[in-house]
Ligand SMILES: Nc1ncnc2c1ncn2[C@@H]1O[C@H](COP(=O)(O)OP(=O)(O)O)[C@@H](O)[C@H]1O
Ligand SMILES: Nc1ncnc2c1ncn2[C@H]1C[C@H](O)[C@@H](COP(=O)(O)O)O1
C-alpha cells in the first residue's frame with residue numbers, strides 16, 4: 001500500500017475517446033505511482049492504416065487483432081500480479097468500436113457475432129479480473145478534435161470529423177451505463193500531467209475509491 005491508499009497489485013485503467021489524453025495520463029500516473037504501463041501499440045499495428053482506408057474490408061481483422069493484443073496484456077498483468085496503469089480497456093473495444101462498426105454496417109452481422117462470442121469466451125477465463133478503478137477522461141468535442149489534429153496521425157487526420165463526433169456521442173452514453181468497476185470521471189481541463197500535485201490529487205481520489213475493497217488480482 002502506498003501513500004495514496006492504492007495497493008501495489010492494483011490495476012487502474014484509463015478510458016476515453018481517441019485523442020482525449022489516455023496515453024499521456026497513463027504514463028504520468030504510472031511514473032508517479034512506480035507502476036508499470038500497459039499501452040496500446042499504434043505503430044506496430046498491421047491493420048490500423050488499412051482499416052482507416054477501408055472500414056468495411058478491415059473492421060473484423062482489426063477487432064480480432066485488438067482483442068488478441070488486449071488478451072496478451074491482460075494475461076501479462078495477471079501473471080505479474082498487477083501494479084499497472086492501463087491505456088484503454090477491453091470494454092471499449094467491444095462496447096464502442098466493434099458495436100459502432102456493426103451498427104453502421106461497416107462490420108457484417110456474422111463477423112460481429114463471431115467477434116462477440118470470442119470476446120465472451122475470453123472474459124470467462126481467470127485472466128480477466130475487472131480493473132480496480134476506471135478513470136474516464138472527458139472534455140469538449142472541439143478540445144478533443146484539436147488534440148487529434150495536433151498529434152497529427154495521418155490516418156486519423158484523413159478521417160471524416162463525423163466519425164469522431166459519432167464516437168464522442170457513443171462514449172458519453174456508454175460511460176453512463178458502465179458498471180463493471182468503479183469509475184472516476186475526470187475532465188481534461190482539471191489536471192496537469194506535468195504537475196506532481198495534480199497527479200497526486202488524482203491518485204488520492206483513486207485510492208479513496210479503492211478504499212477497503214479487496215484488490216482482485
Ligand atoms: N493534459 C494534456 N494537456 C494538453 N495536451 C495533452 C494533454 N494530454 C494529452 N495531450 C496531447 O493530446 C494528444 C492526444 O493525447 P494522447 O495521450 O495520445 O491521447 P489518447 O491516448 O487518448 O489517444 C497528444 O498530442 C498529447 O500530447
Ligand atoms: N477496437 C478498436 N477498433 C478500432 N479502432 C481502434 C480500436 N482501438 C483503438 N483504435 C484506434 C483508434 C486510434 O486511431 C488508435 C489508438 O487509439 P487512442 O485512443 O489514440 O489510444 O487506434
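Cβ coordinates are placed from backbone N, Cα and C, and glycine is handled just like the others.
Just so you know, TrEMBL annotations are computer predictions that nobody has curated.
Among the features that TrEMBL reports, domain 'Deoxynucleoside kinase' is placed at 12-207.
The ATP binding site annotation in TrEMBL covers 16, 17, 18, 19, 20, 21, 22, 23, 24, 147, 148, 149, 150, 151. In the three-state DSSP reading, residue 18 (ATP binding site) counts as coil.
Secondary structure from DSSP puts residue 63 (substrate binding site) in a helix. Residues annotated as substrate binding site in TrEMBL: 40, 52, 63, 88, 93, 156.
In sequence order, 14, 22, 23, 26, 37, 38, 39, 40 make up the list of same-chain residues 6 or more apart from residue 87 (active site, proton acceptor) whose Cβ falls under 8 Å from its Cβ. Sequence annotations record features per position, and here TrEMBL assigns active site, proton acceptor to 87.
Counting other Cβ atoms within 10 Å of each Cβ, the lowest count among the binding-site residues 18, 20, 148 belongs to 148. DSSP classifies residue 87 (active site, proton acceptor) as strand under the three-state reduction.
Of all the binding-site residues in the record (16, 20, 24, 148, 150), the one with the smallest CA separation from residue 156 (substrate binding site) is 148.
Residue 18 (ATP binding site) and residue 63 (substrate binding site) are 16 Å apart (CA-CA, integer value).
Residue 40 (substrate binding site) falls outside any helix or strand according to DSSP and counts as coil.
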